[in-house]
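A.B. asks: Quick paste of what TrEMBL says about this protein:
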| type | residues | note |
| --- | --- | --- |
| BINDING | Gly69, Arg74, Gln141 | S-adenosyl-L-methionine binding site |
Amino acid sequence: MEKGGLDSAGREFKNAEEMWREQLGEDRSKKIEWYRQGVGYREGLEASTNGVLGGYAQVNEPDIMGNCGSGIGRVSKNLLIRYFNEVDLLEPVSHFLETARESLAPENHKVSDMHKATNFFCMPPQEFTPEAGRYNIIWVQWCIGHLTDDDFVSFFKRAKDQKGLPEELFAVKMYALTTELPKKVHWTRSEVQANRPGVIK
């Protein structure tokens, strides 16, 4: 990828490879630290809608319906479980997953006995290998941007052998980037930790 951009701390990079060289280099411990910081940041958040949305708990109903991801289970509860008989949740932050488990307990949601949260996996996507042929859809939101490029590709390769709807369907939600710098920046992550380039030129 030859697009340049800025990371979440405002540093400019010629391309993604340059950013990853600075962040990870050849030192395996830097990659481990990259993931440790990401999970560490989330472990410090409150296990609530306000916590996982960085203080933006007041979102309108259409936004809630479109925001799918594991976290505290809000989207699984408000969207996915309504359309699928079984929903498995993957989340590396244990207190988020426990909140999801409580929220998705049969007595806490009003779908039907035919719709339920089945498995709760406490691990990050770079370590998860889905059971072959289990899923009609694998829904990925926001967290995919925290993976290194190699782990991003590796995750999709490990997850490709599914039932398919229509064929190996992955729903991936990320925000579109613009070429304009934001007028006001609200930092919800540590400025020490970089992320994907924030602005594409």
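Even glycines carry a Cβ here, placed using N, Cα and C.
Tell me what's around each of these sites.
C.D. replies: The Cβ neighbour count for Arg74 (S-adenosyl-L-methionine binding site), using a 10 Å radius over every protein chain in view, is 23. In three-state terms derived from DSSP, Arg74 (S-adenosyl-L-methionine binding site) belongs to a helical segment.
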A.B. asks: I'd like the number of other C-beta atoms within 10 A of the C-beta of Gln141 (S-adenosyl-L-methionine binding site), please.
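C.D. replies: Excluding its own Cβ, Gln141 (S-adenosyl-L-methionine binding site) sees 17 Cβ atoms within 10 Å.
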